[in-house]
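Here is what TrEMBL says about this protein:
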BINDING   B:Glu82, B:Asp104, B:Leu106, B:Asp107, B:Asp254  Mg(2+) binding site
2 protein chains.
Amino acid sequence: MSEISERELGEIYDFAVQLGKDAGNLLMNFAKARWGDKGSGEQLFSEKDNAVDIVTKADEDVEAFVKSSIQKKYSTHKFIGEETYSKGASRDYLIGDEPTWCVDPLDGTVNYTHLFPMFCVSIAFIVHGKATVGVIYAPFLNQLFTACKGRGAWLNETQQLPLIRNPIPPMPARAPGGCIFSCEWGKDRRDKPDGNMHRKVESFINMAAEAGGRDGKGGMVHGIRSLGSATLDFAYVAMGAFDIWWEGGCWEWDVSAGIAILQEAGGLITTANPPQDHQTAEITNVRLGSRLYLAIRPAGPSDTETGRQTQERVVREVWKRVRELDYSRSGA
Amino acid sequence: MSEISERELGEIYDFAVQLGKDAGNLLMNFAKARWGDKGSGEQLFSEKDNAVDIVTKADEDVEAFVKSSIQKKYSTHKFIGEETYSKGASRDYLIGDEPTWCVDPLDGTVNYTHLFPMFCVSIAFIVHGKATVGVIYAPFLNQLFTACKGRGAWLNETQQLPLIRNPIPPMPARAPGGCIFSCEWGKDRRDKPDGNMHRKVESFINMAAEAGGRDGKGGMVHGIRSLGSATLDFAYVAMGAFDIWWEGGCWEWDVSAGIAILQEAGGLITTANPPQDHQTAEITNVRLGSRLYLAIRPAGPSDTETGRQTQERVVREVWKRVRELDYSRSGA
């Protein structure tokens with residue numbers, strides 16, 4: 001397999017950014033058609049279609065548009081889209097060594113159904129299993145997040161991420177105190193005593209409670225946020241707005257673009273589930289597809305630590321407070 | 001006291017909208033100065049200022065700007081601002097009968113500190129104790145929410161709220177199933193067995209859990225969202241994006257503009273704390289300043305109910321699942 005040159009990568013990046021804008025605008029046309037705006041969206045569906053039909057159609061049409069655009073331009077590249085794969089049975093690791101596009105045409109589907117603005121399109125280009133280009137566009141927020149390995153991560157193509165960068169602050173000394181903790185309740189709501197929902201909630205309470213509370217596990221985070229979009233959670237960690245994001249159950253299309261952007265911005269992404277020796281275990285970059293993610297925002301050095309050391313300190317503080325989640329590659 | 005004519009009210013509305021834009025842009029200048037943008041913000045503070053100094057200065061400067069603008073134009077009106085009042089000792093009901101401006105120069109302070117875009121300025125004009133004009137501007141999101149009694153509620157001055165309005169859908173038949181439930185963890189994180197944090201979390205879990213779970217209290221809501229801004233929570237309920245918002249502990253400046261906008265859009269706002277006879281009690285509009293709020297989005301009729309009936313049905317479904325919160329007028 002031939003390597004991709006820097007010039008080719010630049011072309012791919014430009015193409016992905018334009019594709020993200022076009023796909024996001026298409027999503028927005030479907031949304032506007034629902035609220036009855038006069039405009040191009042109006043003839044997108046019939047009077048009989050209900051909200052679920054419309055969202056399904058938006059999802060499928062945007063994926064078809066993105067897929068055909070990519071296949072026209074890069075016919076030899078592999079394509080993985082949420083709509084294509086979620087209908088299939090195989091749930092093995094999806095990303096191999098070959099140049100691959102991984103696309104979620106609509107992340108934050110529940111938000112989109114309700115027209116809450118936290119929805120987006122997510123497009124990643126992956127080389128040798130590494131997310132190399134990432135584009136996230138939230139059209140209702142007018143927020144475009146982009147990155148290409150070696151070229152920085154950007155908000156709306158003009159503002160480099162993280163936003164505060166002269167200098168980039170270290171993680172707080174008393175973290176998770178002082179941090180914004182981002183998490184999602186998710187779809188697994190089974191009321192089983194030790195099920196994922198109760199494990200998550202127990203972890204949320206530990207992060208939230210006053211320092212000293214919860215038998216010493218109280219994290220007294222500065223705030224807890226739940227947006228309903230794993231992809232935008234990543235984007236706001238890259239921005240530096242969220243300090244910590246912890247989640248289980250995501251698929252490759254939920255996270256690939258976010259990983260590309262957050263890593264390029266200087267963030268750390270490892271596993272959500274605490275290893276047994278969580279205070280000493282090596283902290284490795286997560287494998288794309290593991291379904292379990294803990295992300296820490298970009299951080300600069302403190303007086304006594306490197307930026308990476310401040311991030312790793314926070315990883316261990318989170319691992320101390322969270323429960324192991326049960327999401328495997330097959331099912332769930 | 002002389003009554004305010006429709007013409008005067010129109011002038012006050014126009015003035016409030018422009019004031020909201022100007023104040024929001026001022027907030028954004030302070031934010032940009034932190035991320036080192038070249039621009040008017042740069043000379044706003046010295047190199048020595050830290051994040052907390054800057055946020056405090058933004059908060060105080062924006063309130064001073066809004067207050068002086070109002071006093072110049074409407075010298076006989078009363079002014080209540082968060083910065084002014086939170087420093088005082090009195091925590092009685094703040095809103096009387098006289099024409100009153102109630103302002104939060106910066107709602108979502110924690111978000112602003114971290115540069116998460118969910119922050120806003122909130123300006124309300126209140127007549128005879130009723131929120132009559134409301135302006136909420138979130139400059140980082142480019143989202144402006146405005147309303148004046150009798151003139152509709154609007155997003156960015158062009159799109160009437162709620163967004164889906166031809167027709168406005170009823171609340172779901174299986175509500176809280178199908179609903180987005182918006183809530184905040186808040187600042188009271190004391191790890192007391194029956195304290196506010198644990199009462200809140202128990203309520204959140206009831207709303208989230210599968211139908212049939214939690215001894216029949218499982219609400220299986222479609223999603224749970226926490227933005228960290230009571231004011232923007234209101235705005236998204238008015239938009240129709242959030243179906244239910246439930247919260248305790250807010251002050252008048254957190255909610256006045258939101259109440260004006262949500263009521264004009266057709267929402268219902270009552271008390272968060274379930275009355276003893278919660279399945280039969282009369283559902284009354286909340287008193288501004290009660291500190292306990294339950295908001296339901298605008299709703300149209302179903303085949304068998306009026307819009308208001310669908311909303312009241314949801315109020316009772318929420319009351320069935322939530323705990324009483326302990327926020328009085330004095331302290332907390």
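Placement of Cβ uses the backbone N, Cα and C atoms for every residue, glycine included.
Just so you know, TrEMBL annotations are computer predictions that nobody has curated.
The secondary structure of B:Asp254 (Mg(2+) binding site), as reduced to three states from DSSP, is helical. Take the mean position of the Cβ atoms of B:Glu82, B:Asp104, B:Leu106, B:Asp107, B:Asp254, the recorded Mg(2+) site; other residues of that chain with a Cβ within 8 Å of it are B:Val103, B:Pro105, B:Gly108, B:Thr109, B:Val121, B:Ser122, B:Thr231, B:Trp253. In this structure, of the binding-site residues B:Asp104, B:Asp254, the smallest number of CB atoms within 10 A of the CB marks B:Asp254.
A 10 Å cutoff on Cβ-Cβ distances gives B:Leu106 (Mg(2+) binding site) a total of 27 other Cβ atoms nearby, all chains included.
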